[in-house]
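Participant: I am attaching a structure below and will ask some questions about it afterwards.
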Amino acid sequence: MQPTDSQPRPTPKVAIPRLRRGSEDQLVSKAAATGDKHRVTHALICVYEDGKRDRVKKQLGSLASRVEEYERLLEELATRVGDEDRARIRASIDKEAYSEDEDVESLFSPRKTSLFREPAGEFKVTARVGSTESLDRINEDFESTPATRATGFHGKNSDITWLQRLNRTSPTGSDDEYAQYSDINERASPASQTQSLGATGLNPVSQSSYHCDDMDITISEEVERYAVPPPITVDKLFNVYMDTVHPTFPIINKTAFSEQYHQFARGEDVRPNWLAILNLIFAIGAKHSHLVQADWRGDVNDHLVYFNRARLLGFDGDNILGQADLQRVQITGLMTFYLMAINQINRSWVTSGIAIRHATTLGLNLRNESKDVDETPKEIRYRVWWALCSVERRLAVMTGRPTSFAETDCTAPLPLPLEEDSLYNTATTTPQAIKQLRRLSSQESRPSDIPISTPSSSHSSKARGSPVHSNTSVPPALQSSSHDLKQSIPTTSALAFTFHTKLSTFTNEVLTRLYRANAMDQSWAQVQNTIASLNSRLEDWLLQLPNVFDFTKKQRDQEFSSQRMSLGFFYYSTAMIVNRPCLCRIDRKIPNESSKARDFNRETAARCVHAARDMLKLIPDTPNAKGLYKVGPWWCLVHYLMQAATVMMLELSFRADHMPTEVEELFDCAKKALLWLSSMAEDDEAARRASVLCAEGLRKVAPKVGRNPRDVDKYPTHQSRGAENLRNLQATQMEHSIAPKQYQQPYLYTTSTPFQPPIYGTYDHAMFYTNHPVTGNLQNTTGTTYEEMFPTAHDMEHMRFDDPQYFQGHDPRWFPGSGGA
């Protein structure tokens, strides 16, 4: 409605200043300046206060400065706390939030605080992007066939699963590309996470297993339970066990059992359970005697006879359901070790669970403070417990299954670094001496305030090096304390067992933090922090290792060569497991990933492969199975070698994406593992199966790095019968490997000339179709194939650049003047 003349017009609104009475000092000062004293009591000051928007800006600015101050404080505190708290601080700092208010965000440009940066890609994805993929579900029916039941479930840290992943195929014949496609879909859709085994391109896990779970362990003839081998054989078998197994797995009391053994040799009566333990010792010794081809070894199935005799004596129906006692713990523990040594992994896994439960029933997992038990029996029981734990954890690594006990339920102290004979010395086993030894043997050489560099620790004010190698720097004072610690403890095989136990405990923590189902709840940034922390602690273990056990150096000492070799294999195996989650095409799965996280992924993947390479460096280039079985951890050597070989082949299957300059070394190392497995195949069925799987995998990945698959089948003349059988089997397999769908994708070949792309990448695809004998008018009489009539793509690349070094020793048809091969 418009106002009329009679109606007064509304007064326009004006800004009214807020009135605020000034302070008395301000009023007096103003009055003195003007000379008007009366204004002192009446004057008011007009103040225009900030608007709401301005106040918000100031508050945000103040909050941002306080956040920066808190971040600096947390960075400082991170250097003073333990590994767990340090990782939590790093993850908390790097949880970067962002503001949708561009006006507010612009207030802090050009330098924005972490409070307003968008989080990097590694914080937005889960642990599924790593090589472990889904840890909380299975894609196979393990009840479907006898083969799958014999193999059973294998988790993501098992080398069997790694082999299965290596053999992954797709409808188009491209394994690794299809794997990435499958992984991305798996994260994108929960429904796709329940896809079938065939949809993922994975073969049944039983087809990737080299273990002997499908073989029977019973014998047809009747076993006399109280029969005993000749005295000479008895002594040999007993000594083999005590020399090769007992120092690493002291499941029995050596001193007490040796006395009882001599009583038995004199004809005194013994209990059936004791005889069961003795026969299990015989079974383990008999298996080892055939592996080293001892002159005194008996029949090849003797170890099965001893094992079945032990079953009748101490593991029949009544004994299985009987009450727990120490001898029953030792029977099941020795049975577990024997089954693992003959690669009956599933049966060993079941028996280990029984042993652990019997031991827990007796309270061996807890610290014993009873005054009714002397210190020596307490220590013997502690050692039995830790030996059972070591076997259980090794089985957890081999199968990828969780252990049957929780670390939080174990308070038994670490074993003393004393030989068993010394435990019966009253001067050595005083409470004060034992307390001092326990403190020294369990003391950590690195305090918790050494910082760990991780991809997400980018806000630190101190410069740090590579995430992988920055944890190797140790202050001088720390080095001296570590040196003093080493010198304080006598060097014995018992000390090696202590370090073996520490590494075993650490390995179980690795499995718990990286390979269990609850790890799926973490972001990839948290997984990276965990890997960095675990790598740092693994290096700590190595720093504490006495010089005589240091497997990274050449040693003249031969007294502890077996302990050194065993610790070396164990260390590198653990290093591979720690870094394995990064050994995949992970960068394709994380959009907007930070550069530090990307570098960490690549360096950690390289660290995994280098661990496999360094493991193979523990053994000579020329295979000597007999010698390795004598000094190495013979009970799981095949597992260790397959771990290393599979890691090498996985990197080669990615076309050496993480270490392109080391292709030749990687291929040679993988072939070295294959040669060793072939050498061991003569007396070990698991080694024969492993060598076949390894040859298949290596032949499959060879073209991806420019190598000829036929190079895999070339063996030196000193190889054993197992290698000859392997060659025959491979020849049969090659006859069935010419299906067109397997060679539709181009391979990436390398050349001898830098920066020159290969142009014959698809040349060999046609050659695979010519793997048939020449027939017809050509009158083939020598079995020549069409493939042998033409050079390979690798040869063509070298001919392209007239590489003179490659000419030497190759076919003169393609390289005239080379001298031929």
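Any Cβ shown, glycine's included, is placed from N, Cα and C.
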Participant: Need the matching range: TrEMBL marks region 'Disordered' on one of 82-102, 187-207, 355-375, 586-606, and I'd like to know which.
Facilitator: 187-207
Participant: Coiled coil per TrEMBL: which of the ranges 18-52, 53-87, 403-437 is that?
Facilitator: 53-87
Participant: With TrEMBL as the source, identify the stretch among 1-25, 151-175 annotated region 'Disordered'.
Facilitator: 1-25
Participant: When the pLDDT values for the domain 'Xylanolytic transcriptional activator regulatory' (348-421) are averaged, what is the result?
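Facilitator: Residues in the domain 'Xylanolytic transcriptional activator regulatory' (348-421) carry a mean pLDDT of 93 in this prediction.
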Participant: Is it possible to list how many residues within the domain 'Xylanolytic transcriptional activator regulatory' (348-421) are helical, extended or coil according to DSSP?
Facilitator: 44 helix, 0 strand, 30 coil
